[in-house]
Amino acid sequence: MGPSGTAHRMRAPLSWLLLLLLSLQVAVPAGALAETLLDAPGARGASSNPPSPASVVAPGTTPFEESRLPVFTLDYPHVQIPFEITLWILLASLAKIGFHLYHKLPTIVPESCLLIMVGLLLGGIIFGVDEKSPPAMKTDVFFLYLLPPIVLDAGYFMPTRPFFENLGTIFWYAVVGTLWNSIGIGLSLFGICQIEAFGLSDITLLQNLLFGSLISAVDPVAVLAVFENIHVNEQLYILVFGESLLNDAVTVVLYNLFKSFCQMKTIQTVDVFAGIANFFVVGIGGVLIGILLGFIAAFTTRFTHNIRVIEPLFVFLYSYLSYITAEMFHLSGIMAITACAMTMNKYVEENVSQKSYTTIKYFMKMLSSVSETLIFIFMGVSTVGKNHEWNWAFVCFTLAFCLIWRALGVFVLTQVINWFRTIPLTFKDQFIIAYGGLRGAICFALVFLLPATVFPRKKLFITAAIVVIFFTVFILGITIRPLVEFLDVKRSNKKQQAVSEEIHCRFFDHVKTGIEDVCGHWGHNFWRDKFKKFDDKYLRKLLIRENQPKSSIVSLYKKLEIKHAIEMAETGMISTVPSFASLNDCREEKIRKLTPGEMDEIREILSRNLYQIRQRTLSYNRHNLTADTSERQAKEILIRRRHSLRESLRKDNSLNRERRASTSTSRYLSLPKNTKLPEKLQKKNKVSNADGNSSDSDMDGTTVLNLQPRARRFLPDQFSKKASPAYKMEWKNEVDVGSARAPPSVTPAPRSKEGGTQTPGVLRQPLLSKDQRFGRGREDSLTEDVPPKPPPRLVRRASEPGNRKGRLGNEKP
């Protein structure tokens with residue numbers, strides 16, 4: 001059965017499971033979920049006071065009779081809240097699995113749209129069964145429990161360098177752009193309300209300004225859900241996402257300001273100036289609280305090297321503490337948790353272990369994904385109901401003014417900011433920024449938070465906000481991918497940055513900093529260099545411990561290098577390590593080379609067992625984990641070293657073949673079988689023996705395997721053939737046990753089974769044993785997958801009697 005059949009078999013049980021969960025949700029009493037999300041304290045009060053044993057009366061008995069032990073009981077109110085929350089999370093997770101079973105569906109329709117449609121389906125079922133409005137999501141649940149994980153995930157994994165390089169543009173769009181949209185939409189709607197034919201004359205100016213402030217909030221949840229799939233370039237992504245993240249703080253400040261003005265009977269000039277001061281205090285105060293708690297978290301994790309288990313806990317506790325502390329002082333919780341996450345990513349990551357860091361990433365991605373799914377589902381569920389008021393003029397003009405003022409704001413503000421940017425934003429980038437102004441959960445929660453006593457047309461505001469949210473999420477979210485492809489907007493580069501690229505980038509940063517210093521211009525390179533010096537001198541010494549953990553790959557590499565150094569010291573090789581000062585003293589030595597069969601065997605062993613690199617599939621997704629920088633650098637180091645080893649072995653093999661082809665013992669197929677070469681082609685090489693004698697010999701022999709290929713590979717050309725004997729793993733020349741050289745009258749020895757000759761009294765001894773060459777722990781792994789091969793043949797020197805005939809005439813080619 002093919003993949004389609006397997007997918008069909010997987011979808012059928014999943015469909016039945018979804019139907020079962022839907023039936024469980026419908027079977028829940030009508031007010032159960034409302035008690036969970038709207039009146040949780042009341043539900044807890046009802047379930048936390050169970051009846052006393054004296055008041056429990058079995059069916060069919062009087063209060064004076066003794067009750068018996070029941071066999072089976074059902075106490076749903078006791079577990080109602082956690083049971084329903086678990087069911088909703090399970091339903092949302094299964095819905096996401098079902099979407100991704102159809103691979104083409106998430107590429108056409110964003111996941112946020114699909115989740116809203118699931119919520120609409122559930123809300124319609126609940127409304128049809130109970131004939132009541134489905135429960136709406138409580139705003140405290142959204143702001144205190146569902147929104148912080150999403151903002152924490154976005155701030156922790158945000159690329160910090162592009163964010164700070166575009167910080168001025170982001171603040172320009174977030175602050176000035178939000179004020180532009182809020183005031184523009186509010187004044188335009190107030191002008192529409194003055195037309196008596198529309199029946200909107202009871203909506204005041206402050207109410208329109210309040211509605212304009214909440215409807216102008218670009219939602220980071222919706223932006224992340226859409227822009228993570230289209231893979232625009234990093235600069236454009238940072239601008240849209242940074243604006244959506246920071247303008248929420250501006251929106252909340254304006255919302256609270258206009259809400260307070262609406263509840264006042266008279267507004268004085270002092271109140272206006274207090275509102276402007278409150279605007280800056282809320283934003284700056286939230287950032288300071290986040291940075292302070294981020295520093296405390298880094299200082300705490302400095303002392304957790306003995307208790308690794310609780311390291312991930314501090315990341316989530318301090319980040320959430322920054323959010324609720326800012327909310328407690330009526331500051332910006334979004335700014336606080338974003339600043340805390342970015343601070344912890346810089347310092348805490350270097351204190352925690354690699355396993356703790358992986359746990360943090362997985363758990364953070366899981367929390368943000370679940371929160372985002374629940375938000376979109378409850379947006380769909382809360383849409384169905386009777387709490388709506390429809391007015392064609394107000395709804396249609398609200399949608400039109402949102403699009404018009406968003407486009408005008410982006411194009412006008414970009415013309416101003418391009419004067420100060422090194423790389424100006426193009427028309428395509430401006431169009432995508434204006435097109436990416438998606439509304440979402442922030443606007444939805446704020447409009448439900450309006451008090452009905454102060455705003456009698458609250459239902460009309462809810463209806464208009466839902467229309468704007470659905471239009472931007474569905475229409476703009478679905479069409480933005482083909483629009484990006486049609487405009488040929490620059491996409492993101494998925495290629496991971498190599499170590500050399502990072503080194504060159506840092507080099508260019510220092511060069512640009514020096515140029516700015518010479519010119520007397522204090523740009524962002526100057527301030528970045530100043531902060532780095534301050535960070536290295538004070539902050540890192542205070543917040544980061546000295547022996548911070550490293551990657552497991554780097555640790556293994558370090559252990560291998562230490563083991564290699566110990567083996568060199570034990571075998572006496574460390575004393576003869578050459579230095580650059582002693583390169584001129586190295587004497588060129590001609591040693592015997594290995595046979596081609598032995599070279600092939602060594603190359604096969606090295607390619608199979610030396611530095612086995614674990615491959616990882618890289619993909620860019622918000623809910624997937626990105627590759628760690630230290631892991632990528634260590635992996636690249638090992639890959640380069642493995643490549644260099646193989647290249648050096650390949651080069652040695654090619655040199656061996658060239659030398660064998662140039663010796664007198666080579667057999668030329670163009671000559672007769674027993675014909676000797678001319679004297680001009682016979683090259684005699686003088687080789688000094690241990691006793692000082694020299695003899696003619698060819699260059700067929702053993703191979704030099706460099707135990708430290710790096711030390712030899714980077715030598716200059718004039719010294720590339722010079723190496724100390726301590727670095728060589730070679731076979732010693734034949735050592736005569738009886739005498740220094742066999743007499744000429746010795747008859748040729750009989751050939752062995754392998755095809756070589758065996759000389760009595762002549763031994764071949766390795767300089768290093770097998771354990772010293774490959775290590776005791778590697779012996780089994782090196783020979784596990786390699787088939788056994790015959791040992792290398794023992795060959796006489798060409799100068800010995802009877803040997804040249806055997807090599808030229810009897811030896812197999």
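Glycine residues also receive a Cβ, built from the backbone N, Cα and C atoms like all the rest.
Residues or ranges marked as transmembrane segment in Swiss-Prot (evidence: sequence analysis): 108-128, 139-159, 170-190, 210-230, 238-258, 279-299, 309-329, 362-382, 393-413, 431-451, 460-480. Here Swiss-Prot flags N351 as N-linked glycosylation site, drawing on sequence analysis. Summarising the annotation, Swiss-Prot assigns region 'Disordered' to 649-709, 736-813. Taken from Swiss-Prot, the feature compositional bias 'Basic and acidic residues' covers 649-661, 770-781, 797-813. According to Swiss-Prot, the compositional bias 'Polar residues' annotation covers 687-696.
Cβ neighbour count for N351 (N-linked glycosylation site) (all protein chains, 10 Å cutoff from its Cβ): 25. Sequence-distant contacts of the transmembrane segment (238-258), counting only residues of its own chain at least 6 positions beyond either end whose CB sits under 8 Å from a CB of the stretch, comprise 151, 154-155, 158-159, 162-163, 166-167, 169-171, 173-175, 177-179, 182, 206, 209-210, 213-214, 216-220, 223-224, 227, 275, 278-279, 282-283, 286, 330, 332, 334-335, 338, 425, 429, 432-433, 436, 438, 442, 446. Here the transmembrane segment (210-230) has long-range neighbours at 106-107, 110-112, 147, 150-151, 154, 178, 181-187, 189, 237, 240-241, 243-245, 247-248, 251, 254-255, 258-259, 262, 372, 375-376, 398, 402, 405-406, 436-443, 446-447, 450, 461, 464-465, 468, 472-473, 477, 480-481, 484, 620-622, meaning same-chain residues at least 6 beyond its ends whose C-beta is under 8 angstroms from one of its own.
Beyond its flanks by at least six residues, the transmembrane segment (170-190) meets 163, 203, 205, 208-213, 215-217, 238-239, 242-243, 245-247, 249-251, 254, 394, 397-398, 401-402, 405-406, 408-410, 412-413, 416-417, 433 of its own chain at Cβ-Cβ distances under 8 Å. Count of Cβ pairs under 8 Å against the transmembrane segment (460-480): among 108-128, 279-299, 393-413, 431-451, the largest is for 431-451. Counting same-chain residues at least six beyond the ends of the transmembrane segment (431-451), those with a Cβ under 8 angstroms from any Cβ of the stretch are 112, 136-137, 139, 142-143, 146-147, 173, 210-211, 214-215, 217-223, 226-227, 232, 236, 239-240, 243-244, 248, 251-252, 255, 259, 375-376, 379, 382, 402, 406-407, 409-411, 414, 425, 458, 461-462, 465-466, 468-469, 472-473, 476-477, 480, 483-484, 487, 489.
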